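*Asks:* In case it's useful when we look at the structure, here is the feature table from TrEMBL:
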- 8-694: domain 'Myosin motor' (DOMAIN)
- Gly101, Glu102, Ser103, Gly104, Ser105, Gly106, Lys107, Thr108: ATP binding site (BINDING)
- 571-593: region 'Actin-binding' (REGION)
- 842-1026: domain 'TH1' (DOMAIN)
Amino acid sequence: MPLLEDTVGVEDLVLLEPLEEKSLLENLQLRYENKEIYTYIGNVIISVNPYQQLPIYGPEFIAKYQNYTFYELKPHIYALANMAYQSLRDQDRDQCIVITGESGSGKTEASKLVMSYVAAVCGKGEQVNLVKEQLLQSNPVLEAFGNAKTIRNNNSSRFGKYMDIEFDFKGAPLGGVITNYLLEKSRVVKQLQGERNFHIFYQLLAGADAQLLKALKLEQDISCYTYLNPEVSRIGGMDDASNFRAVQRAMTVIGFSEEEIRQVLEVTALVLKLGNVEMTDEFQANGIPASGIRNGKGIQEIGEMVGLNSEELERALCSRTMETAKEKVVTVLNVIQAQYARDALAKNIYNRLFNWIVNRINESIKVGTGEKKKVMGVLDIYGFEILEDNSFEQFVINYCNEKLQQVFIELTLKEEQEEYKREGIAWTKVDYFDNGIICNLIEHNQRGILAMLDEECLRPGVVSDSTFLAKLNQLFSKHSHYESKVTQNAQRQYDHTMGLSCFRICHYAGKVTYNVAGFIDKNNDLLFRDLSQVMWKARHPLLHSLFPEGNPKEASLKRPPTAGAQFKSSVAILMKNLYSKNPNYIRCIKPNENQQRGQFSSELVVVQTRYLGLLENVRVRRAGYAFRQGYKPFLERYRLLSPCTWPYWNGGDREGVEKVLGELSISSEELAYGKTKLFIKSPKTLFYLEEKRHLRLQQLAILIQKVYRGWRCRTHYQLMRKSQILISAWFRGNKQKKHYGKMKASALRIQAFVRGWKARKNYRKYFRSGATLTLANFIYRSIVSTWFLSLFPSSTFPSSTMILTPVLCSSQCKKFRDQLSPKQVQTLKEKLYASELFKGKKASYPQSVPVPFRGDYVGLQGNPKLQKLQGRDEGPVLMAETVKKVNRGNGKISARILLLTKGHVIITDTKKFQAQTIIGLDSVAEVSVSSLQDGLFSLHLNEITSVGSKGDILLISDHVVELLTKMYQAVLDATQRQLSVTVTEKFSVRFKDKSVAVKVIEGPVGGGKNKLICKKKGSHLEVTVQ
């Protein structure tokens, strides 16, 4: 077991150092003081009653312990319940949880915690939840009718309960069977000082409303009832009224009808009222003492409530009919005998009522016989009792605990050694006390105390408790575990605590002295036949069913079995049941006698640890191996840890186990290989194996998920592919159908047009098309215009014409513009710029208006050299033309090619097409041009630029209007400024640092193209246009 960092003391006593009684006691005390009430001895759990509610229970802790193995978390009763449930569910092993300890050590609470855990972790569903709720709700019902306050415990179980919870193959609860043992029915009529009767009496009086109490003929005051002890009517921390309501709800959940609940309460009230029936002395005529009822009101109320004849009931209580094979004899009872009959009736009614309730619960939670079941048994039985006055009840209770100790000894100590011996495993022998001798002393068929008690009850002649004790003294005078006053005197021992009517047995838990007074009567447990017959005659359905032997037709003279014989038989069946299941032990310890939280009495606890055999159990666990399992189930569980054994292994089971453990590198000291089983020494190793298996299961789960997801995706893809093909085929077919329909409609339409055209053509051969309509429209307009104009004076129309003309022009212009393409819009835009620049200013402008602007006059597309001159980012060439450059020094003219782009003006030679001058459009400051028919213009450049520093440029172009228009638009787009174009015959150009005056004059008109003659005279340049 892993040692957690925050542990208090030692969690598993197998690891305790040094292994002594003192250290064991100190460890339990240390953990108890720190509210750690659970401690392990291997897979046995020790529970010390805290006498308070600790925050270690509930859904959060159930979920926590459900997901971990036994040794992985702190010791807890949930861990043991989880181990038992998982073993039952996963390994198909029937389980039994044996809860032992003294009265007041917390056995009942432990059993409820186990059941609540199993109910929380098992399956879910409407039917499953109903079964779980019924199993859980059986606890408050059985506690109400079977538990009582004793000196040692406020909620002591006064009966033994063994519940078999049955599960299906999935681990979901199907139902259960409850077996009860030896209800302490004597408590109904008598309780010790400081104790109470069964809880249900107090709950009924405290929780029933006035209407119910009236129907049951009861008073709420507890002091009104003889069978109830008024000194301890209430218990601290226990609300009888709310508990009564809880019992009613629980009975409803289990399946009790409203009528059945009412009948149960009526029988319970009957028991209380019987106690108030007071007997009085009477005498017959012959002087024989007899008895009678002091006040007949109580008997009358009982009769009215359950449908009895009050006179018959009174006669049955005060007399007895002795019946033999030949005759009947009626004898009267004195007061003491009548009181005994009354109390015997009350005890029998309550005992039979309790048995009926258990059987009724079993009817609701039973499982069908045809279903295959797994079983988990939970044993909650009275603890070992040593009182000041121990009677027959304590004797049989301690006998049962002696048998349970024997089971524990045989299954956890003796069987431990014998199994090692069978498997050939060497280990250190541990001596232990075998209480079989005590069990034989009590239960031996011929020479046991119970056998002697039955023999004495059946023996004819004078029989009493004294004769029974004398027989025991004679038979067991030399028995080492039997003592009495007679045997002590024979051995010359003096013990003032031993009474003359007592005997003592040395139990495993210590010596207990029993008073034989009442042994014979309690063992006989007889109820007079008269009372049984009267109860059978009752018209109350439940009470009538409780006494079937009262039917005269089924009357039997055979003596019923004694109480001791019945209990011995029940214990034998219980032991057989326990031996058939895998046991799980909860050893409960009472820390103090005062039921106070935080108090730890070392003297009391050490006695309990001795008779529980805790130290011997630790020694066995420590000397041997904590875990063992057959090779086959071990291999089945852990073979997935080795690639050699997973997924298939064809060798022997032992060889497979050796393969698995060999690959895990576990120390050889931790393992031992027996003949049929593997033994593991430390819980740490087992936990290591479980952790490895858990990780491997996760890996396998991921692998399975991966394969499944791949298969699912492939299947989904194939399905989608088939669907896509089907959809595509349908879509293509539908598309083709639509296309065919359109083609057919188009063909029909074309055919219709063609046929119509042919018909009209043939028609026009004989008659002019539309002549009639044209003629009719002409006549109609002529008549209308003549009539319309005669209505208005002639002076009205000129002003209207002036208003409507611009509107008509704008409308027609808009209609015209909307019909233009982007290229046509650009052409008109250029024409607009040309109009703004040269209209009325340049003589050659009118000739340029009808001529489209081409832009390329040099064949740019066929000249790659020129194409290389334009930059990559310049875009298309706006203007490409052959121009003439005027030398500013001598006036001579030379041919050049001009390229206009969006950012530059490039001038190249006409031969090699190499750029001579590149002028940025931002360097062009102004353009000067004459107003004549010539193509002379000057580019005035900014002086600050490198090109402009050489001076302005004079050029002659045959398409001067187009060139300057495009240049104007390019400068506007590039620099967002309007290029100044000056139209004048006189302008000056800059030549380096000199200025030359240019004058353009018009010469005589020639017959050819306009010819320019340039003459340079000093600082003047004269250009003549011929």
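Using N, Cα and C of the backbone, Cβ positions are placed for all residues, glycine too.
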*Asks:* Starting from the Cβ centroid of Gly101, Glu102, Ser103, Gly104, Ser105, Gly106, Lys107, Thr108, which together make up the recorded ATP site, report each further residue of the same chain whose Cβ lies within 8 Å of that point, ordered by sequence.
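*Replies:* Close Cβ neighbours, site residues excluded: Asn49, Asn153, Ser156, Gly383, Cys588, Lys590.
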*Asks:* Per residue, counting other C-beta atoms within 10 angstroms of the C-beta, which of the binding-site residues Ser105, Thr108 reaches the highest number?
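*Replies:* Comparing the binding-site residues Ser105, Thr108, the most crowded Cβ belongs to Ser105.
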*Asks:* Among the binding-site residues Gly104, Gly106, which residue has the largest number of other Cβ atoms within 10 Å of its own Cβ?
*Replies:* Gly106
*Asks:* Which ones in the same chain are close to Glu102 (ATP binding site), with CB under 8 Å and 6+ residues apart in sequence?
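*Replies:* Listed in sequence order, they are Arg152, Gly383, Phe384, Glu385, Cys588, Ile589, Lys590, Gln608.
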*Asks:* Just to be sure I understand the packing, how many Cβ atoms besides its own are within 10 Å of the Cβ of Gly101 (ATP binding site)?
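*Replies:* I get 24 for this one.
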*Asks:* Among all the protein chains here, how many other CB atoms are within 10 A of the CB of Ser103 (ATP binding site)?
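*Replies:* Excluding its own Cβ, the number within 10 Å is 21.
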